[in-house]
Ligand SMILES: C[C@](O)(CO)[C@H](O)COP(=O)(O)OP(=O)(O)OC[C@H]1O[C@@H](n2ccc(N)nc2=O)[C@H](O)[C@@H]1O
Ligand SMILES: Nc1ncnc2c1ncn2[C@@H]1O[C@H](COP(=O)(O)OP(=O)(O)OP(=O)(O)O)[C@@H](O)[C@H]1O
């Protein structure tokens, strides 16, 4: 038997950093949605407890450092599973980009092994397990447009965002989330209006939603990597309705109501970036 799970990238329409917690993590308030840019995981059962990961991406760790490996081990330990698995990861989401690729792979592993090993765990339990692997994993388990709070573990589903095209562009730098959070001085941060984004989604008001896109971490990452601001300026120059950095960056995405606009932005950015694509939200 062979199973396939898609692992879509996420974008942060809004990301507010509220405070630093005593445990060192930051209290967040975010609006997230998933896009049609996805890794693909194929699961094959192995008779013993082996964990084998193969991938088209040459530089990813395939041992305990990989989120997928950690997720398999967590399920084996928690549910006394004596079987193993071979997982083929077709990597399409740029790595260390702010698009939650590793988290989505972990969430896809939870969903895939829940089916392969017939664990019959409810989504809420998969979300709780995901919390032990990474901040975005609980969100990625269902991947629906959501308001996400706490460290990232409190997920409230919202309706899908108004239909639009998303142009995703990653400049030629990779960013470590941990390093960006270390540079954060909470009292100096800019705070986007997360409730206004939520209200716009509830009213299905596309332009209101676009007006409130914002990310507290964007000025922090852009100070270190000026490419982020240059890229955002280019998005607006080429006609995106709005643009903002995703997660801790460096990827910037722009929203366009019309496909012709999205295509113009895509053509304008192609030479400037590692990765550019035009996608739909899910
Ligand atoms: C910023 C986001 O992209 C928003 O979607 C994510 O929260 C980042 O998720 P991620 O890359 O999976 O990050 P994790 O591996 O969970 O955390 C990396 C590091 O970022 C910092 N971190 C992360 C989340 C959070 N709420 N507060 C933090 O301070 C911590 O130092 C942590 O060690
Ligand atoms: N399955 C995986 N896919 C991608 N990266 C992984 C994976 N497992 C471990 N990693 C490691 O995690 C680091 C961050 O990768 P990832 O692509 O998830 O970051 P990200 O896009 O910045 O995520 P986020 O938006 O959640 O901050 C990489 O440096 C990589 O070595």
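Including glycine, each Cβ sits where the backbone N, Cα and C put it.
Because the structure is a prediction, the values reported are computed rather than measured.
For 10, 136, the entry in TrEMBL reads active site. If you look up TrEMBL, you'll see 66-143 marked as domain 'GHMP kinase N-terminal'. Residues or ranges marked as ATP binding site in TrEMBL: 94, 95, 96, 97, 98, 99, 100, 101, 102, 103, 104. Summarising the annotation, TrEMBL assigns domain 'GHMP kinase C-terminal' to 208-273.
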Binding-site residues listed as 94, 102, least Cβ neighbours within 10 Å: 94
Taken over the domain 'GHMP kinase N-terminal' (66-143), the model's mean pLDDT: 97
Tertiary neighbours of residue 104 (ATP binding site) (same chain, Cβ under 8 Å, six or more apart): 7, 8, 9, 10, 34, 38, 39, 93, 136, 140, 143
Listed recorded positions with Cβ under 6 Å from ligand 2, out of 10, 96, 100, 102, 136: 96, 100, 102, 136
Entries of 94, 96, 104, 136 (recorded positions) sitting next to ligand 1, with Cβ under 6 Å as the cut-off: 136
Tertiary neighbours of residue 96 (ATP binding site) (same chain, Cβ under 8 Å, six or more apart): 174, 175, 176
Residues in the domain 'GHMP kinase N-terminal' (66-143) grouped by DSSP into helix, strand and remaining coil: 44 helix, 7 strand, 27 coil
